[in-house]
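*Asks:* Per Swiss-Prot, the feature signal peptide maps to 1-21. The N-linked glycosylation site annotation in Swiss-Prot covers Asn33, Asn92.
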Amino acid sequence: MASSNLLSLALFLVLLTHANSASQTFFSFDRFNETNLILQGDASVSSSGQLRLTNVNSNGEPTVGSLGRAFYSAPIQIWDYTTGNVASFDTNFTFNILVPNNAGPADGLAFALVPVGSQPKDKGGFLGLFDGSNSNFHTVAVEFDTLYNKDWDPRERHIGIDVNSIKSIKTTPWDFVNGENAEVHITYESSTKLLVASLVYPSLKTSFTVSDTVDLKSVLPEWVSVGFSATTGITKGNVETNDILSWSFASKLSDGTTSEGLNLANLVLNQIL
């Protein structure tokens, strides 16, 4: 009877080890609804299921000085204090930016990882994620910047990696195409700390990529919210819509218990045999 109980315990430990060896998150939206999102500022979900980050008037035209943010409703564990392990993640989304005929684009949108409970920051070129202070925002973002701001931007429209600042640590020029759907793929590999973001216009077969190493554990809290932030220009001549059409996200964080659990299971089995 004792051997039987020990064998059952060993098998349980093996199963428990595999069940708890990683924390994983996955979700996918082809249509959005408010139930699965935290909406801030002017962000809303349209009747057709699009995530509209910034405001439009009754004629569907973008408005000046709009700011909106939207995050997945559940927090994501991006690293583990006990083990020191960091998650890898992969996200895909499609967005569309439309600029009226009588205006220029401004200011852009960003995919962001922010502290849980984070509130919108400054409008305009700060994209709702940062402000002019020297605060530690505990924020990592990939920005799709449509307007040059002389205080921190390169001179061209660009895709940038932002770490605690609106001044990107790495940028690549971006040939923005008005009204065209853009498909974005962003990956983070924890073993190399490499963050890679690629944008493709499928209809034009053009692509743009930016990458750099980012130590998420040194920047972000253990638990974050993932989602989007966008702003329109603060003057009438520079406005745009900022719509997310679809979004998927997957992350995996190893909890470091696999080897410990197997060692304990082996110890129990050795006592039986």
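For all residues, glycine too, the Cβ spot is worked out from N, Cα and C.
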*Asks:* When you tally the Cβ atoms that lie within 10 Å of each candidate's Cβ, which of the glycosylation sites (Asn33, Asn92) has the highest tally?
*Replies:* Asn92
*Asks:* At the level of the C-alpha atoms, what whole-angstrom distance separates Asn92 (N-linked glycosylation site) and Asn33 (N-linked glycosylation site)?
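*Replies:* Their Cα atoms are separated by 18 Å.
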